[in-house]
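As recorded in Swiss-Prot, the features of this protein are as follows:
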- Tyr159, Asn336: N-formimidoyl-L-glutamate binding site (BINDING)
- Tyr159, His192, Glu263: 4-imidazolone-5-propanoate binding site (BINDING)
- His260, Asp334: Fe(3+) binding site (BINDING)
- His260, Asp334: Zn(2+) binding site (BINDING)
Amino acid sequence: MASKFRLLLENAEQIVVVCTKEEQYLLEDGMQHLAVLEKSSLVIGNDGCIKAVGPAETIRNHFSNASFENIIDCSGKCILPGFVDAHIHPVWAGDRVHEFAMKLAGATYMDIHQAGGGINYTVEHTTAASVEELFCSFKHRLERMLRAGTTLVECKSGYGLKLETELKMLRVIERAHRELDIAVSSTYCGAHSVPKGKSAQEAADDIINNHLPALKQMSLNGEIHVDNIDVFCEKGVFDLESTGRILQAGKAIGLNLNFHGDELNPMNSAELGAELGAHAVSHLEEVSDKGIAALAKAKCSAVLLPTTAYILRLKQPRARDMLKAGVIVSLGSDFNPNAYCFSMPMVMHLACVNMKMSLKEALAAATINAAYALGRAHTHGSLEVGKQGDVVVINASRWEHVIYQFGGHQELIECVVIKGKIVYKNEKFSICRMDLLK
């Protein structure tokens with residue numbers, strides 16, 4: 001009896017498989033040898049996982065008696081892994097478009113924050129919003145990210161600060177995890193800012209004594225699934241001591257450490273992350289040489305966010321120094337009311353232009369390395385047999401177009417596939433429905 005499969009993508013000009021030896025991440029040298037197949041095809045099974053990838057003729061011969069739910073002719077096109085966005089803040093109400101003009105006039109991030117804007121403004125509006133309002137806007141944002149090729153996102157809470165609103169946000173993230181196609185890595189970020197009327201010490205005590213026990217109980221009950229814990233380690237927010245206490249308490253209940261550090265001021269956050277065994281530290285615009293060395297030794301990923309440096313006019317993260325030192329460099333969009341970017345292709349473009357990363361380095365950082373930062377490199381980030389069948393098909397004969405083109409990706413990206421199912425297709429896209437490959 002002929003075997004049945006979910007999807008065949010055939011005759012692609014290029015397939016960027018990224019890795020071929022089950023690597024969990026790529027360092028600088030490995031990035032230069034990014035695995036790209038020419039004139040190839042890819043098969044995804046009914047379980048949503050990749051069954052074969054290789055030369056088109058080989059695949060055609062091997063699967064000559066197989067049937068497929070869908071077949072996509074990728075002649076003249078390229079196939080890439082679904083992009084992984086390793087850092088976003090997508091659940092909130094009340095945009096901050098008015099603050100953009102303030103930044104253009106010279107106000108700094110902390111100027112706005114200390115005046116009651118920034119995170120505090122969003123906390124007020126998010127607290128007032130209903131669960132349904134938050135979910136609808138959140139769903140719309142994730143759908144926009146998916147149309148730009150993202151198939152796995154890290155989603156943070158952090159615009160509640162008080163336990164009730166933080167749990168409301170985590171429930172919204174959990175609903176997305178259960179109902180939407182895009183994969184979600186959930187992050188508790190109750191230490192995103194110090195609530196009004198509290199000191200950092202008091203806020204840390206509240207998180208450790210009240211928030212985390214509630215999270216643990218809800219996780220045990222199956223109400224929510226939280227993967228990571230985040231803290232904004234910054235001058236005027238949570239100092240190094242408070243950050244360490246919160247992270248250690250989170251680690252004690254099974255959460256992965258993945259936090260903001262060394263963004264606006266040098267805080268020794270990278271060193272702390274390495275010491276505590278963090279999966280990742282984000283931002284790192286102000287990281288020290290010692291911090292870079294510590295990240296490399298600990299295999300702690302540096303999640304760099306070129307949109308933030310661009311919008312806030314900060315100095316660029318030291319991507320080249322990190323790569324040379326052996327750091328696992330990842331990328332994220334930092335989507336939030338302060339950095340309104342849905343597109344990982346644009347993030348990769350900025351990483352190349354402003355952080356001096358190469359095209360291959362940027363793609364690896366937005367796929368396998370970003371998956372590593374989220375603890376998902378075994379399922380996402382490359383197109384290897386056994387991994388989840390998440391792919392992006394672009395209408396170009398060279399994969400580099402997805403980074404080279406600055407914007408307009410709604411025309412370039414023909415379709416996005418998650419677990420072998422076509423979850424987005426542009427208006428010009430067509431598929432072949434065939435019972436048998438002949």
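Quick reminder: no glycine exception, Cβ is built from N, Cα and C everywhere.
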Cα-Cα distance linking His192 (4-imidazolone-5-propanoate binding site) and His260 (Fe(3+) binding site), given in Å to the nearest integer: 9
4-imidazolone-5-propanoate binding residues Tyr159, His192, Glu263: largest Cα-Cα distance, in Å and rounded to whole number: 19
Candidate binding-site residues His192, Glu263, Asp334, pick with smallest Cα gap to Tyr159 (N-formimidoyl-L-glutamate binding site): His192
Inter-residue C-alpha distance, Asp334 (Fe(3+) binding site) and His192 (4-imidazolone-5-propanoate binding site) (nearest angstrom): 14
Which listed residue (His192, His260) has most other Cβ within 10 Å, given these are binding-site residues: His260
Integer Cα-Cα distance in angstrom, Glu263 (4-imidazolone-5-propanoate binding site) to Asn336 (N-formimidoyl-L-glutamate binding site): 16
C-alpha spacing of His192 (4-imidazolone-5-propanoate binding site) relative to Asn336 (N-formimidoyl-L-glutamate binding site), in angstrom: 12
